[in-house]
Amino acid sequence: MTIPNDIRITPELVAAHGLKPDEYQRILDLIGREPTFTELGIFSAMWNEHCSYKSSKRWLRTLPTSGPQVIQGPGENAGVVDIGDGQCVVFKMESHNHPSYIEPYQGAATGVGGILRDVFTMGARPIAAMNALRFGAPDHPKTQHLVAGVVAGIGGYGNSFGVPTVGGEVNFDPRYNGNCLVNAFAAGLARTDGIFYSKAEGVGLPVVYLGAKTGRDGVGGATMASAEFDETIEEKRPTVQVGDPFTEKCLLEACLELMATGAVIAIQDMGAAGLTCSAVEMGAKGDLGIELDLDKVPVREERMSAYEMMLSESQERMLMVLRPEKEPEAEEIFRKWGLDFAIVGRTTDDLRFRILHGGEEVANLPIKELGDEAPEYDRPWAEPKMPPALDAATVPAADVADSLLKLLGSPDLSSRRWVWEQYDTLIQGNSLQIPGGDAGVVRVEDHPTKALAFSSDVTPRYCEADSFEGGKQAVAECWRNLTATGADPLAVTDNLNFGNPERPEIMGQFVRAIKGIGEACRALSFPIVSGNVSLYNETLGQAIPPTPTIAGVGLIPDWSKMARIAFAGEGQAILLAGAPESWGTHLGQSAYLRDVHGRAEGAPPPVDLAHEKRVGDFVRGVIRSGTVTAAHDCSDGGLAVALAEMAMASGIGARIDAPVNSASAAFFGEDQGRYVLTAALAREDAQLATLIEDARKAGVSLIAIGVTGGRELKLGEARAISVEELKEAHEGWFPRFMQDGSLQ
């Protein structure tokens, strides 16, 4: 059945499209009449949070987005950063949260597909992917189903397309029970003189539809992604898109081949709001109008209405403005790859967005007001109440060895091998470090020494306690993970996941997180070049923890000198960089406090950004000089977990000195800005004393805390734990949980 265009517009219909009464009045004032049903759908799609960023734009403008290496910042399909030698890295992270909760396999799969298109739309060949996943409590009846579906969807699409998944995160928390998070990242390589943009230029030029046919899948997807969930959630399943990675692979090859011919003036992938958003963005950015004839759009279903065709989010589709003389060559390329090619419209000089269907005009709207001049809100926000700092002395001592084993086998700190073994981590043949290290590392093809490092980070429990410090910490940990490989951190993309911005306390979390992120990015010269905001992550009024995911990219000039987390040999000195004399002090909001003592209290660890920069620059220097044989940052679980991960990665044990003060704080405190390093030096070696003195001159604490060797990890006076016992604790939880739902 075809949906007519002359449906009466009622307040109920307006509300069903996610538009507030004042927004609908603004539409009436803008166009001077009642909109058609298709026009209502177009406004609904373009003015929702997912497309317009109407609640967040005011604060996103405060973020640092430029730097000497930045070629393209926010506002395009992806960010672009120069890596020298005429090459650049193109990358972005984006959410597919709501679709993945409704239909986990397709929701996650199309999230991967969408972010890959964002990258190759810019003219880059994708070389790496990551994903940051948050699920509800392991004992929630839906969690196991969601984990299985999401991981299968990511693997199914990414593996088939042919991009290696080199990193990511998985967290569990009851606050995600009704709203999981799926944040997908992709990066690609391009030539700096071969970047393509979405800004249309020139009047009367053909607008060309490319790729797969249009169906009814995903109609209303962008609007669904801008709303809270309620008890009608299952009814939203038809709004989830269906992906085909093999078609996407053909689309990639066809686009890159066409780009090489010089035919492309502007290009935009059809993501959220499909044909509507892609056409509006191309025209609005270029100060041009766009006229589309829907009778020429390739469709795979009969009797599709204009409303459905304009709002369909069928996957693997592109919109381009082409040079007219190149049309035959362009069509030949796309036909060769088995893809549709259709001239569906033209650019105009009247700044109107005109839609024709069945010989009739079904929409005629001002294009700028739909696009870059959409509504913008300065929503009220409240300063959240900050928890007091936790006195570590109030935390009773627990057995260090038992505590370490419990942490290694906990849902949040256990091995993610079950997850990443379902992803192809080695395809393309350039992966130098796969998941399990501080950052994924991929060799830059056609260059003898360069590699790129990738990391994704945020600690939601820190953000819940103090989103300002949590925002700073997410940036700092990402910067630290890149540094720990020896990479120069270049730039980041963010994925800001929050609840309902109409609630001042939620908006307060968002604002403070933005302020923290901005402060950290400025201090660390780590600009934000792309990103995504996902709001209304709530179910029945229950918001997720604030989760501002930060994904960063770093450049390793010579990958033969990169550092890994595995102990490199026996008898090597173990050093702790950037730590206080007592090694660790901060137990507030720590994994140890939560998982061993069952307490979620205190302020998160503060981030001293000047200290972070000093320590990181020193660590990067000693990695590149060859002095350091292994490096690992200290994060969740503190020093003890970092040491255990280094031992498990190598099969080599270590003996660690007894700390001077509290063993709990020393081994499990989550003080920021710390790294564990090893050097092929004896404790009594004069070179080690020189290294420690060099650190002191650089304003960095460097403490010798132990030595590698044997097959056991002994932390101070605690009982020794064999590396095999560590691995058994670490590797067991996830497979048991996914096999039979075991929580032990």
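Glycine residues also receive a Cβ, built from the backbone N, Cα and C atoms like all the rest.
Keep in mind that what you see is a predicted model, and the values were worked out from it rather than measured.
Taken residue by residue with DSSP, HIS50 (active site) is part of a helix. The number of other CB atoms found within 10 A of the CB of HIS50 (active site), across every protein chain shown, is 26. Swiss-Prot lists HIS50 with the feature active site, giving sequence analysis as the kind of evidence.
The active site, proton acceptor annotation in Swiss-Prot covers HIS96. In the three-state DSSP assignment, the secondary structure recorded for HIS96 (active site, proton acceptor) is coil. Its own atom aside, the Cβ of HIS96 (active site, proton acceptor) has 31 Cβ atoms within 10 angstroms in the protein chains shown.
Sequence-distant neighbours of LYS92 (ATP binding site): residues of the same chain at least 6 apart with a C-beta under 8 Å from its C-beta are ASN77, ALA78, GLY79, ILE115, ASP118, VAL119, PHE185, ALA186, THR493, SER530, GLY531, ASN532. Annotation source Swiss-Prot lists ATP binding site at TYR53, LYS92, ASP494, GLY531.
Here Swiss-Prot flags GLU94, ASN532 as Mg(2+) 1 binding site. Secondary structure at ASN532 (Mg(2+) 1 binding site), as computed by DSSP, is strand.
The substrate binding site annotation in Swiss-Prot covers SER95, HIS96, ASN97, HIS98, ARG117, GLN241, GLU313, SER314, GLN315, SER534. Cβ neighbour count for GLN315 (substrate binding site): 29 (other Cβ atoms within 10 Å of its Cβ, all protein chains included). According to its DSSP assignment, GLN315 (substrate binding site) is coil.
If you look up Swiss-Prot, you'll see ASP118, ASP269 marked as Mg(2+) 2 binding site, on the strength of sequence analysis. Secondary structure from DSSP puts ASP118 (Mg(2+) 2 binding site) in a helix.
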Worksheet, complete the sentence: Other C-beta atoms within 10 angstroms of the C-beta of ASP269 (Mg(2+) 2 binding site) total 27
Worksheet item: Per 10 Å Cβ neighbour count, which of the binding-site residues SER95, ASN97, ASN532 ranks highest?
Response: SER95
Worksheet item: Among the binding-site residues listed here, GLU94, ASP118, GLU313, ASP494, whose Cβ has the fewest other Cβ atoms inside 10 Å?
Response: GLU94
Worksheet item: Out of the recorded positions listed (TYR53, HIS96, ASP269, ASP494), which are within 10 Å of ARG117 (substrate binding site), Cα to Cα?
Response: ASP269
Worksheet item: Hey, how far is SER95 (substrate binding site) from HIS50 (active site), Cα to Cα, in Å?
Response: 10
Worksheet item: Among SER95, HIS96, ASN97, HIS98, ARG117, GLN241, GLU313, SER314, GLN315, SER534, which the record lists as binding substrate, how far apart in Å are the two most distant Cα atoms?
Response: 21
Worksheet, complete the sentence: CB contacts under 8 angstroms to TYR53 (ATP binding site), restricted to the same chain and 6+ apart in sequence, sorted by sequence, are LEU60, VAL533
Response to the item:
Within 8 Å of the Cβ centroid of TYR53, LYS92, ASP494, GLY531, the other same-chain residues by Cβ around the recorded ATP site are LEU60, PRO74, MET93, GLU94, THR493, ASN495, LEU496, ILE528, SER530, ASN532, VAL533
Worksheet item: Counting distance between Cα atoms, which of the recorded positions HIS50, HIS96, ASN97, GLU313, ASP494 is nearest ASP269 (Mg(2+) 2 binding site)?
Response: GLU313
